[in-house]
Each structure stands twice: as C-alpha cells, then as structure tokens.
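I have placed the structure first, in the form of structure tokens, so that the comments after it can refer back to it.
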Amino acid sequence: MPEGVDPAWLAPAALRAVGSRRTLIRGSGPLVETVHGEVAEACRRFGGRVVRDASDDGPYDLALGLGTEGPELLGEEGFTFACEGGTTTVTACGGRGLLYGLFHVVRLGEAAFSGERSPQTHRPALALRMLDHWDNVAVHPVMGQVERGYAGGSLFWEDGRARGDLERVRAYGRLLAACGINAISVNNVNVHAAEARLLTDRIGEVADIAYALRPYGIRTHLSVSFAAPITLGGLSTADPLDEVVRGWWAEATRRVYEAIPDFGGYVVKADSEGQPGPFAYGRSHSEGANLLAAAVEPFGGTVHWRAFVYDHRQDWRDRATDRARAAYDHFVPLDGEFAAGAVLQVKHGPMDFQVREPVSPLIGAMPRTRLAVELQVTQEYTGQQRHVCWLGPMWSEVLRFRQERGLPVGEVARGGLVAVSNVGDDPFWTGHPLAQANLYTFGRLAWQPDAEPGEVLDEWIGLTYPEASERLSAGLHSVLDGSWRTYEKYTAPLGVGFMVQPGHHYGPSVDGYEYSPWGTYHFADRDGIGVDRSVASGTGFAGQYGAPWAGLYESPDTCPDELLLFFHHVPYGHVLKSGKTVIQHIYDTHFEGVEEVGQARSVWASLAGLVDPARHARVSERYEEQLRGAREWRDQINSYFLRKSGVPDSRGRRIH
Ligand code: GCV
C-alpha cells in the first residue's frame with residue numbers, strides 16, 4: 001500500500017496465515033506472477049516461504065496452481081479449494097481464478113489450514129462485476145473532479161490529465177480483486193469535452209491506467225459520447241444508421257484495441273439529462289447501442305447502454321407524466337432488438353438511488369436482452385459518506401427480489417452487476433472509513449448475489465481489523481447492521497423519496513424538488529401525501545409489474561408500508577400495517593432515527609483504543625455531522641408535516 005494510504009480490507013495482518021506458511025506456486029503468466037508477488041510479500045513480513053514449481057521440496061502447507069481439469073466448470077475465474085492431509089490446495093484454470101483463490105484463503109485466514117475439507121468449487125455468479133467512476137478528467141465547475149464523489153479527487157485524473165504516478169491505482173486494483181471486482185469504467189458517464197478525447201488522441205492515458213489495473217485481473221472500460229463522430233471526428237452527423245458514422249466508430253475502436261488489447265468496452269449515457277443520443281436522428285436506443293456493439297464485438301468488447309432515460313424537463317403541473325415509468329416505457333418495446341454485444345444497464349430502482357425504492361419493473365421485463373443492474377456505492381442520496389449507511393441489506397433485498405418469471409434479480413442480471421464507485425484520493429479511500437464496507441460488500445455480492453450481507457460484513461471486519469476482539473466486532477456490527485434503516489427513518493418517509501436540497505442533494509429540503517422539472521414529487525397537501533401510481537386512479541406505474549407485485553402495489557391495503565407513499569397518495573390518518581397512522585409514523589421514525597444515530601455515536605466512542613487513532617478520529621468527527629444532519633432532517637420533516645396536517649404528535653414531543 002502506498003505510504004500514508006489506509007490498507008482498508010487488506011490490513012497487513014490479514015495475510016498472516018498465508019505469510020507464515022510454506023507455499024508452492026505452480027504455473028506461469030502475468031496473474032500467477034501477481035499471486036507470487038502477494039505471497040512473497042506476505043512471507044517476507046511473516047516469516048513463511050514461497051517456492052515456484054518445485055516437486056521435491058514438500059510437503060507444503062499451501063499449494064496454489066494452475067491446472068487443466070474442469071475448465072468448463074471453473075471458467076477463467078473459478079477455482080477449487082481443498083484442505084486435505086495437511087495441505088491446503090487452490091487450483092484454477094486461469095490466472096484470475098488463482099488470484100481469487102488466494103484471496104479466498106486470505107479471507108478464511110487460519111481456518112483455511114485447519115480440519116479436512118474435500119474439494120469445493122467456487123466461481124462467480126456474474127461474469128461482469130464492475131465499478132463505474134463518475135470521474136471528470138478536468139475539474140467541472142459545478143460537479144468538481146468526481147461527480148457525486150465524497151472522497152476527494154479522482155484516483156485516475158488530476159489537472160486535466162491521467163496521473164503520472166499510478167501506484168495508488170494499482171493498490172486500488174489489488175483491493176478490488178480481493179473482493180472480486182473485475183472491471184472499471186474510468187470516466188464520467190456525463191462526457192465533457194476533455195473526457196471525450198480519451199477515446200481518440202488521449203487513449204494512451206487510458207492505456208496507462210489499464211496497465212496499472214491489469215495485474216489484478218481488472219479490465220478497463222470507457223464512457224463515450226454518442227456525438228463523438230461529430231465532436232471528435234468532424235462529421236456532420238452521429239446518426240447510427242449512417243455508413244460513414246459506422247465506419248468512424250469501427251476505426252476509432254480499432255485504435256482503442258491497438259492501445260488496450262483487453263479493453264472491456266464502452267459505457268453510454270444517451271438521451272439522458274442532456275447527453276446526446278439517437279433520438280436526435282429519429283432512431284431507437286437499440287439502433288444506437290447496436291452501432292457501438294458492432295464496433296466492439298470483433299474484439300470481444302461490450303457496450304453498456306444505460307436505461308436511465310427520462311424527461312428531465314417535465315412540467316410539474318402535468319400529472320400524467322411519471323418519471324418512474326420512463327425506463328420501462330422506453331426500453332421494454334425494444335426487447336430482443338439489442339445486439340449480442342450490447343448490455344442494457346438498468347438502475348435498480350425506477351427513480352434514482354433513493355434510500356427506498358421498489359425494484360425497477362424493467363428488470364425482469366426484458367427476457368431477450370442482456371441486462372446489467374446498476375447500484376450506487378457512492379452515497380449520493382444516503383448521507384454522502386458523512387453519514388454511516390451500510391447498504392448491504394438494501395442491495396441484498398434488491399438482488400433477491402423475484403419478478404414474474406421467478407428468477408431473482410441477481411440471476412436476471414446476466415450482463416453483470418455494476419456500481420458507481422465511492423472512492424477518491426482520500427487517504428481512507430472513501431472519506432468515511434466505514435463506507436469502505438459498502439465497496440467491499442458490493443464486490444462480494446456481485447460475486448455471489450445471494451450471499452448473506454451479515455456474513456459479508458463479518459469478512460470485511462476480519463480483513464480490515466484482523467486482530468479484532470469480540471467487543472470490536474460486535475461494536476462494528478452494531479453501528480453498521482441497522483444503519484440503512486436508521487438513515488431511512490430520519491429522511492424522506494415511506495418510499496416517497498427525494499426531499500433533498502436540489503443540486504448537491506445533501507440535507508433536507510422537503511419542497512426542494514416539488515415544483516422542479518426533474519419529476520420527483522411528493523404532492524403533500526393539508527390532507528395527505530404520496531404519489532398515486534396505481535392503474536385505477538394514478539399514473540399506471542404499478543401495472544408495469546407482473547404478478548404478484550402489480551396486484552400488491554396497486555392497492556394501499558396490500559402495498560408494503562415502506563413503499564406506501566411511492567405508490568399511493570393517502571390521508572395523514574391512513575393506518576399502516578404497523579398499526580400507526582402515516583403522520584404518527586413520520587413523527588416516530590424521525591425521533592427514533594436521531595436517537596439511533598446518538599446511540600451509534602456512543603458505541604463508536606466506546607471503541608476508542610480498539611481502533612487505530614486516525615480512523616477512530618475520522619469516524620468520530622463524521623458522527624458529529626451525522627447527528628447534526630439527522631436532527632436537521634427530523635426537525636424540518638416533522639415541522640413541515642405538523643404545519644401541513646395540523647395533526648399533533650400523539651406523544652406530545654416538541655416539534656419546531
Ligand atoms: C452522472 C443522477 C445524478 C447525476 C448522474 C445521473 C446518472 O441524476 O444526480 O449526477 O450523472 O444520476 O446516473 O447519470
């Protein structure tokens with residue numbers, strides 16, 4: 001780890017069990033060298049020994065090697081793990097598999113070397129496990145270096161260019177490999193002028209980044225502008241059916257692969273929030289995506305085409321237009337029209353990464369399209385890494401959600417699981433040291449979408465605090481386990497969403513988006529609150545789901561409490577399944593949320609001395625801000641609804 005940088009979930013002591021043993025490494029290739037480097041460094045630190053390709057110097061405690069058996073079962077990334085007769089063995093068919101096998105042993109620690117375990121096979125459920133960086137090459141006047149970034153500057157870009165020293169990028173790749181991530185898109189999906197040129201004359205800078213990430217099995221992807229043939233190529237059109245445009249993309253892509261032979265492909269935000277796209281030429285999104293797919297397919301690349309398409313210039317008076325409907329309305333008619341090299345990348349909810357949303361009905365409604373599901377690790381709407389909000393339980397709910405055909409989202413996402421990264425050049429990587437748990441959890445859930453998030457958190461604790469006492473582990477669980485629900489309690493209620501300050505999205509502003517063109521309304525008046533998305537009387541969004549969800553969401557009687565205001569406009573006196581009225585629920589959860597933050601702050605304070613001082617201090621400082629912020633949310637939300645409804649708190653607490 002570069003000096004001064006937090007080791008995160010590869011604390012040196014996490015490699016003690018491996019580094020104190022005798023290891024044999026068999027095989028060759030760049031990733032085998034990475035494995036060897038990891039083990040050799042651990043041995044240097046902890047007194048073990050590593051041998052290459054020997055057959056006569058055994059026995060070994062650990063044998064890591066490439067084999068030829070079972071490629072159809074293991075693929076490039078799988079491995080077998082066994083512990084028999086005093087030797088722990090990891091065998092893989094490819095270098096990536098061996099690397100993931102090594103990190104499996106690291107995660108198990110001493111347990112990897114005790115007892116007898118017959119061979120187990122491990123392989124990722126999803127082939128693509130990717131992070132999207134919304135990093136700007138040049139500092140953007142409004143969005144800064146990293147759009148929605150809360151951890152300092154970009155790891156990749158500085159002063160308008162790729163960083164000269166990419167040691168930190170290499171260290172990042174190592175951390176990501178340790179949790180199973182295998183792809184990164186290195187620039188913002190909002191492609192500004194400086195980023196656009198990465199595709200052409202500045203591809204060498206991307207190649208340098210790809211070089212730094214490659215030893216950890218990570219492929220590099222690039223966000224591109226649909227208008228590139230015009231802005232970079234000087235053509236008069238970017239029409240996807242124009243032969244000259246097709247030729248331009250083919251040639252530009254050939255050059256990209258010349259510079260980066262294992263390039264992963266393009267990410268495209270088109271006809272979305274002002275980005276150019278095929279609509280300008282009267283073409284469909286499948287025609288747009290297929291243009292780029294045709295360019296990357298000969299090289300084995302993929303186009304990730306984002307489904308985040310909606311009208312961001314909506315008239316708030318127009319009650320018929322519902323942003324939640326947009327992705328489904330645009331894309332479901334195109335099912336079956338996307339080329340094999342195109343992946344449709346869908347945000348997990350129909351709106352925009354709110355603390356609570358239903359799963360997007362688009363996921364599950366396009367069986368003939370390769371879908372990737374997009375999560376947001378950066379905490380744009382969940383406390384911006386100033387608040388603790390561990391999102392593992394929320395993502396797990398999403399990934400286990402089953403739509404009509406019965407498959408969970410984690411299986412429907414055949415095109416991969418993607419997330420917006422939360423790291424920057426902050427020494428703790430993520431601003432809030434506890435936000436590292438979100439990044440780790442994302443990687444592990446992408447590998448195994450049905451994993452128990454609590455067990456993933458145990459792994460993260462074990463790797464980040466390898467010598468943690470039971471008190472420290474229990475304390476970390478206590479502050480993280482319920483933190484998502486706590487955050488939900490003191491912010492926008494019952495799935496209604498937003499109520500944040502416009503622009504930067506931090507802190508409460510109940511009516512901040514109420515009369516805006518962004519389509520994010522709550523419709524609170526003196527009688528009630530919520531958005532009627534029923535088929536019977538509302539926007540019809542509930543009807544985009546299959547059975548049983550369409551029926552459940554359609555009626556306030558069957559709609560789950562936590563999503564009630566997403567689907568229905570109800571009176572403040574409406575009684576929830578919990579037995580409380582909506583207004584009393586709002587008051588109670590906001591008081592409880594603040595109390596829970598106060599309790600978590602005390603638990604954290606009690607861990608002083610068990611956590612290294614710098615980390616402890618950083619988290620303590622952030623808890624002060626979280627408590628201040630939670631109080632602000634409580635007081636604004638409660639006051640707003642007391643004033644609107646005129647209904648007093650049944651418990652007579654002070655509301656401002
Ligand atoms: C990169 C939200 C964010 C934008 C982001 C957009 C997207 O609207 O606020 O910053 O733009 O999502 O996902 O494209």
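Cβ atoms here come from the backbone N, Cα and C positions, even for glycine.
Over in TrEMBL, the protein carries these features:
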DOMAIN    120-429  domain 'Glycosyl hydrolase family 67 catalytic'
ACT_SITE  Glu273  active site, proton donor
ACT_SITE  Asp352  active site, proton acceptor
ACT_SITE  Glu380  active site, proton acceptor
DOMAIN    430-653  domain 'Glycosyl hydrolase family 67 C-terminal'
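Annotation for the active-site residues Glu273, Asp352, Glu380: lowest Cβ count within 10 Å of the residue's own Cβ, Glu273.
Over the domain 'Glycosyl hydrolase family 67 catalytic' (120-429), the average per-residue pLDDT in this prediction is 97. If you take the Cα of Glu380 (active site, proton acceptor) and the Cα of Glu273 (active site, proton donor), they are about 17 angstrom apart, rounded to a whole number. The separation of Asp352 (active site, proton acceptor) from the residue listed as 'active site, proton donor', Cα to Cα, is 12 Å. The secondary structure of Glu380 (active site, proton acceptor), as reduced to three states from DSSP, is coil rather than helix or strand.
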